[in-house]
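Here is the structure we will look at, set down as structure tokens.
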């Protein structure tokens, strides 16, 4: 931040806003170039502590910011000019809202008198994202006035607080500016007396050592149940013999890994861990993490007893098999959600607990440890009944069988599931792994074996779009030094091809696994496959694109592999090297689907 | 449309909707693949009369539909699945709203009980586009019931009517479907008795020859002034000596060319024709069409008398020089707008006339012809005063001088204005010419000399984004057999690169002129140029992309030219040949901008 006096009110205004964002912990910003946003862009660019990621396509910029926030838990503000630029943020804003990712959108706007006046590049930006934002504010016109500047500083703190609240999500500040937009000297525009007359508004707050502190420090409480409510839950847990802990999608493990492991240890209940839950990977071996359920639950449904209690965390699981399994049981089902969201579309849950998941899990675990009849805090399976032990072992045995089938099947022929199986096994520890909708996340769900490796697996499952997969991955990759693995399909690769520009412009290295089945392979899983036409032309939509030129266009190494072995060696080489490599695996969607079904049949046979 | 009975209610519902759209004149549809939209996709695909354009990126799909509608005046419906797909339409929806282009968005949705339930790919699609649509309706759940089917047929008619009303614009129908989405037989779902019990709902209406007719035929009146109001305008026109007719942007000439020519003939007033007005090109030589004003009005402002009357049509002119010129005069300024829009952001207009421009122009012209003192209907300049004649000749002389300067300057060195000058001169007759924001449209404004050739020049000046230029152009090109010329910049080319897929998938041939100045050349026109950093990194944003690989990627011929002569021969070869050619003209934005200013200086000298 420049120490020189602001040459005009717009510079002052934008610097003040940026100063507060920095004070509140913002470390980076995504900026798409434009004229109206000049004061913001200049203020961010001249700030020494804030890293600027410059993007040319606002849609990709917003998904990049989304990815960074998924990985860091903190918003990376977005800046754009007036007009449809702001509308290009909309898909990512919706994804952020639905998947509860902090985001701060700063849209520059024309001054109020030019709205709906026919002025150029002027649209109605007010409440542009409707109900998809946690908070919206139309900032007042910049003015070097004490109360206004204090309101601006407060607004910055509030915007960040709202975006990281419960649940986190997008916040939209619409920021009008009147010319001059550049930091040109406008004599008298910012009175020299401002610092004396309105010291708080002009300078904000500093610590005693001179460093900046936020104008308003915010502390956000998180919902906790009363002890009597907890006791009721504990009783239900204790009286259950066949409990299941279901960890649905959540960008950061929720509950935290240790807390969920304690819960599992205290109850003896296995954990059904969605690939996006943060629990499929990263748990120590003794924690009963299950990952194959999508492949075998359908086969065992009849022959096994039903669960009698389910505790669900996170969003609705990716696995339709699991959702149906839960729907079919008449177990008591607790949904634990800090935001009190009713994210359970089978409508069979019996209890909604609006409570912080980590604290909830810890309180259950510690309460059971101290109150359990066995009474030993060091007894990891707490007050576990023999039936619970056999229930857990039943799952453990099914997993063993299942993974044996999968690992043998993937050697037989190249199919999409085998690629995800290999990615899960071979991804470096630690790594960030971004998986696309629609098939990669499903294949990782079914074929990604749990590992202790610290993999942060991310996906856009809020709205399950394929519109910003590459950018989300690269944004997540930009946030840490962990190697980045991006697994995408050919349609998602095409949809967000512009996002590849971030490889060079934002300096992100990645291993991009592009599974190319020339169109929408997922449609082979749907009944429309039987109706051709229009199946091929309107659903599978083969495009015939040869993506090799995208290597030249974006400065990537592009390699094609035709079998699993070459894939694995290309993958290994890539994750160990600098730069970005695209490894294209050409698959046949139909054959992959058939083989996926065949593996399912083998599993069923084996389990019978 | 299949004649077989609908196998289930979704098929019935979608067929009914498509049947009515066809009956009301819809000829094509843009579909992005997805599952939830299956009933609509199947119904459109099986309809024998409707052409399906299949797109993979919804953002490009929507701009393609926008372009078609710009060229045809009729909406090309858009179909997408549930989720963020719909949000990707948003930029084009805003552009359609602001530039008054008919559009019909059909978003498939989950059934109501799954909204906000955590169900996959389910977002809040209700009123997703806010105030940017002329009409929004959330369709009821499909049901084979007479009244519901009549409501659906009526809704189809109404949606088209609203989208082509005054002003035209986007309409959004949100269409929920519950599984099964495919045309699978569901016994009893559509009762066999439906045709007997609800014949009107089930079958709609047919003409006596058996052909379909719309369920509701709509006729839309357009606003006309009362004769007394017209008389008052005529009096003002007759008493003016130095009138100007300003034709601002409008996709189809508004008023129609003949009507405006009559108006000019009857008054003797020259026409300042925006390149996007439909009047810069296509008028016969005797009509006083001016196109160089952006280049010379600044130079003559002081030495010429002011206009005393201005009649403005269309949106606000592209030329800032013209807007300032009008703002500085104290002429009486009539805004003629059929929708009563107040599209005049200098706030100096004195009269708003909400009237159909063509009828208004005709009534002025014929009223003057018959009431003028000279009294001869064949006297093309009506009751023109000597001062009016000299006023018009003053402009004509300035034009002559101006174009001489331009045409000599463009031979001296390659600059961006020279390219647009050549495009305007060399474009085939007829042709569709799409010009991008931000510099191409400004350069065409300044350097595109009026011609009698029937050029339909289009631009996205509603919100002036660069996000969908290629798709808009290709959509416009798909609507007629006219050769398509697309003039774009390197940033717009990058932003909508996905749109190039339509060349192959939608079978559109084009001549793409890509002016590559490696970034945002327009920023050289703004004061931010003086501040570097951050000028280069955050505003001009050179990307260094080599676009040659896009030729291989999308099956285009890619050619680079380095001087005007090679450009002109490449351009000529391209417009005469099949396939799509990208002609890249590498320019230096700064030098182009300096030379643009130098040409301005020469004009000023000459006019003094």
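In case you wondered, yes, glycine gets a Cβ from its N, Cα and C as well.
Please treat TrEMBL annotations as automatic predictions, because they have not gone through curation.
Feature region 'Disordered', per TrEMBL, maps to range B:367-390 of the set B:343-366, B:367-390, B:391-414. With helix defined as DSSP H, G or I and strand as E or B, the region 'Disordered' (B:137-228) counts 29 helix, 13 strand, 50 coil.
Break the domain 'Thiamine pyrophosphate enzyme N-terminal TPP-binding' (B:14-127) down by DSSP state and the numbers are 51 helix, 18 strand, 45 coil. Helix, strand and coil residue tallies for the domain 'Thiamine pyrophosphate enzyme TPP-binding' (B:473-585), in that order: 54 helix, 22 strand, 37 coil [DSSP]. As a whole-number mean, the pLDDT of the domain 'Thiamine pyrophosphate enzyme N-terminal TPP-binding' (B:14-127) in this prediction is 97.
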